[in-house]
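Copied over from TrEMBL, here are the features:
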| type | residues | note |
| --- | --- | --- |
| DOMAIN | 15-83 | domain 'Mur ligase N-terminal catalytic' |
| DOMAIN | 95-275 | domain 'Mur ligase central' |
| BINDING | G97, S98, N99, G100, K101, T102, T103 | ATP binding site |
| DOMAIN | 299-415 | domain 'Mur ligase C-terminal' |
Amino acid sequence: MNIEKLYTIYLEHSTITTDSRNVPEGSLFFALKGGNFDGNKYAKSALEKGAAFSIVDDKEVAISDQYIVVDDVLTTLQELAKYHRQQFDIPVIAVTGSNGKTTTKEILLKICSTTFKTHATKGNFNNHIGVPLTLLSMPLNTEVALIEMGDNHVGEVAELCTIAFPNQGFVTNIGKDHIEGFGSFEQNVRAKSEVFDYLIKNEGLIYINSKDPILYNMSKRMKSPVYYGQEYDYANLEFIEVNPFIVYQDRQENRIETQLFGAYNFENILTAFCVGKKLGVTVENMNKAISSYKPTNNRSEILKTEKNTLILDAYNANPSSVEVALENLDKIESSIPKAFVLGDMFELGEISKEEHQNIVDQALKLNFDINIFIGERFFEHQNDQAKFFKTKEEALEVIKNESINNHLILIKGSRSMGLEVIKEIL
């Protein structure tokens, strides 16, 4: 079946699912394959649960006209997403970077939604499957689309651009994330620049933080990027303070109090502000949107428990993000003692041992009241200045018995560490 014909079916059944455990009535089930599963085996079950059609690439399972047989299900999903995307003549903004891309996207969604019908990536649906699913969930009346693009190897963002066809985009920053996949920091820089390569080739609009030396250097090969971050740039805000939430001032001297913790989030606010301004959102609407945005999903959340105040930032961690989180904790004025719980950082490859040692050294120089490291990678660097645990379970047992009270505590680690469970006992 060609894409045009499949698209007519999609228009009648526009809900897409790839999970046979979650099949909305009248949806299209795409039988994707993975390392440990074959979606073709669940195509029949999806139909029994209410799917209108199952798209499969094993003709042996196609026993009725409710099965649509294609050469490759993943390729078909991506091609259908491309076709749907090409029906829109709207700003489609690529959002990528090492740290802060999801937060920036969510702030920008809040801003754009004051003025436009805005569609954005949900959660972290930002890979070769997530981006097509994001596009295919885009309503036909969408006026602005925000497409987050993640990557852990060279070529991934380039591929995602050929699916989403962005006409605007930015990189939040470039740090030490996924070095195992990239091979080196230099390769990470190359990978992140792929969104710029695409936009330059296709005469798209590029936003550049002029205060970031790496991004500013990249901008020298661009025709007319939109700069932000300094006094004479297209957009700028003045950072006032963070204690613990960010306060900023705009060019009209409006003082805005946010619900965003951490000075590092100011760059995310500034990026979203610049894009919103370029799209035509008023300063008043942007300030209202930014001040009302409250982080969720274990990203820079401030939680007050009966015993402590927690800074829960356990969605992801790499050396760059952990360094700024520790620096921010150190700078906060607090009437109560400070502490941290740090979990292992993954996907660092050859630099893993060195970077974990660097974080231990940095953290202990700050002289917080309680220092806790969790994970086998940190455990290799144990010393008597902190508490080190090989596993989360060991740490939970000890922390329960320690009865930590009246502290400001940073909790940060890679997603698979699952450190958010610690909030239940602190």
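Glycine is treated like the rest: Cβ placed from N, Cα and C.
Unlike curated records, TrEMBL annotations are generated automatically.
Feature annotations (TrEMBL) mapped to structure.
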residue: G97; record: ATP binding site; contacts (Cβ under 8 Å, 6+ apart): T104, F170, V171, T172, N173, I174, K192
residue: G100; record: ATP binding site; contacts (Cβ under 8 Å, 6+ apart): T172, N173, Y264, N265, E267, N268, T271
residue: K101; record: ATP binding site; contacts (Cβ under 8 Å, 6+ apart): V95, N126, E148, M149, G150, T172
residue: T102; record: ATP binding site; contacts (Cβ under 8 Å, 6+ apart): N124, E148, R299, Y315
residue: T103; record: ATP binding site; contacts (Cβ under 8 Å, 6+ apart): L260, N265, N268, P295, R299, S300
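In three-state terms derived from DSSP, S98 (ATP binding site) belongs to neither a helical nor a strand segment and is classed as coil. Secondary structure of the domain 'Mur ligase C-terminal' (299-415) per DSSP, as helix, strand and coil residue counts: 46 helix, 28 strand, 43 coil. Each residue of the domain 'Mur ligase N-terminal catalytic' (15-83) gets a DSSP state, and the totals for helix, strand and coil are 24 helix, 14 strand, 31 coil. For S98 (ATP binding site), the count of additional Cβ atoms within 10 Å of its Cβ stands at 22 [all protein chains shown]. In the three-state DSSP assignment, the secondary structure recorded for T103 (ATP binding site) is helix. Apart from G97, S98, N99, G100, K101, T102, T103, the ATP site neighbourhood in this chain, defined by C-beta within 8 angstroms of the site C-beta centre, holds T104, T172, N173, N268. Confidence across the domain 'Mur ligase N-terminal catalytic' (15-83), taken as the mean pLDDT and rounded to a whole number, stands at 95. For N99 (ATP binding site), the number of other Cβ atoms no farther than 10 Å from its own Cβ, over all displayed protein chains, is 23.
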